[in-house]
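Everything below concerns the one structure shown next.
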């Protein structure tokens, strides 16, 4: 029988000092012996996805204590990728994932907490907490802050839906008037919550459902809706049950590594492909799998991407649907239900509620459930009122979207496409693979060949795009922006958005060893591995080289002979200390970022730290 970790600090005469300090936090004699559960919050006033979380930790803590546990809350950092985008701040986004994971480990292990409730929401916070949870392998439940309502405004006498990406595109489009740009900007992000499309934050919060580590509704129920409060209340109660199951009944099925098994990771990736999620999810699932010591690689993702259809299409791939529409159609469970009926899921998995996949679908899939309360929950909709307050409205859709032929979520027979929303490509400058969000690629450019325009930084590429130096037919190559080369693997949302602003969204391709925002669409290929800074062949591409992209056949090829590439590699190596570094790029890189870069691996490994460099 495992002993409560917290007993290390609460029992024994030699721990009198620790108990004295615990008493100073409000604990009493009656509390020593109860499980100490960390409430891992991420409230900050910097990030709309986290601005409403201040009081939610207390909400969870009250339920933990009512159920017989002791709750102790702490906070992690949270970077807003949208605010950090387009300048030096983006260098810090991906490294913050490791910092968050480490900080959770530090706090939980330093104070010997027995379990955790992770209150996350945005891009790197959910992955960082997920990595920490699987590293620590103590009972955990995730409950995120929830999605933002979609923005809405009236243009040309028509009400249209908006999100962050629309504001960016219109702001850079010279054909759009100042007044219209300002109107879109003021309407794009109306409430608290993670940005309203199937961007990285919402993709990851959906995937925690598929991994079994969060409750049904977690990924899609709006941040503003009163129904979301129940997820937080349930999490506080349920974590005490999970904790006691493990420590008092020796039930290892309560541990996250047994819930988020390889089968669950495969289900999560299947969901991601089917819903056209952010390419960043690939990076984060690979990283989380390594923390769980699960053999889950790019090869597994490639195999899944070849057999899973696209059953859901959401902004930025279309402006018709946002997360509020996904929820109305049954949320994550609705998509999983269709995947299960298509025979594409591993059914022998459980979630934090103790339910198997078939049991979860029977209770929560709107197509089959007989539970009116569940149907009512999925009718939770937007209010259209600007707010930063959680649970501030209780509006409901009149009906559910259960149309699997033409609705937001489709059945296998009516899939948006037989190929899924993500694909892995391989070729002579992406030997270890690269990723494209096929859900956002127009059918007319699934095969594309063009001359390379090579840039050693995102900044140079943006300047060229806005300066008219990139023309229809070009393949924009942005390199030395990988985990090591950036450092920090910047998102390329501005270059892709500006291509659209210049009318080139369907006329150019963009390839990078960096990554893309979940808000990116178009022929945008990222995560090229190995990255240039690690000696990857993307560092050998020259202006004018022809690059052929063949998404249907999963290929990407630099049309240069092997002999020429070998000669270029020899010339690169001859640069000595300057080999595999960008030419003529001035970038101030802090010590903290240099430390990150010194251990960073390429994207095909999840951009995690190279343990071999530390002898582990």
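Cβ coordinates come from backbone N, Cα and C, glycine included.
Here the structure is a predicted model, which means the values were calculated and not measured.
Among 481, 491, 531, only 491 appears in Swiss-Prot as part of the Mg(2+) site alongside 81, 123, 124. Report note: the Mg(2+) site is defined by 81, 123, 124, 491, and the residues of the same chain whose CB lies within 8 Å of the CB centroid of those residues, excluding them, are 79, 84, 93, 94, 122, 200, 201, 280, 517.
Rounded to the nearest whole angstrom, the C-alpha distance between residue 195 ([2Fe-2S] cluster binding site) and residue 123 (Mg(2+) binding site) is 10. Neighbour list (residue 123 (Mg(2+) binding site), Cβ cut-off 8 Å, at least 6 residues apart, same chain): 79, 81, 93, 199, 200, 201, 204, 280, 518. Reduced to three states, the DSSP call for residue 491 (Mg(2+) binding site) is strand. Most Cβ neighbours within 10 Å among the binding-site residues 81, 491: this distinction goes to 491. Residue 491 (Mg(2+) binding site) sits 15 Å from residue 122 ([2Fe-2S] cluster binding site), taking the C-alpha atoms as the reference points.
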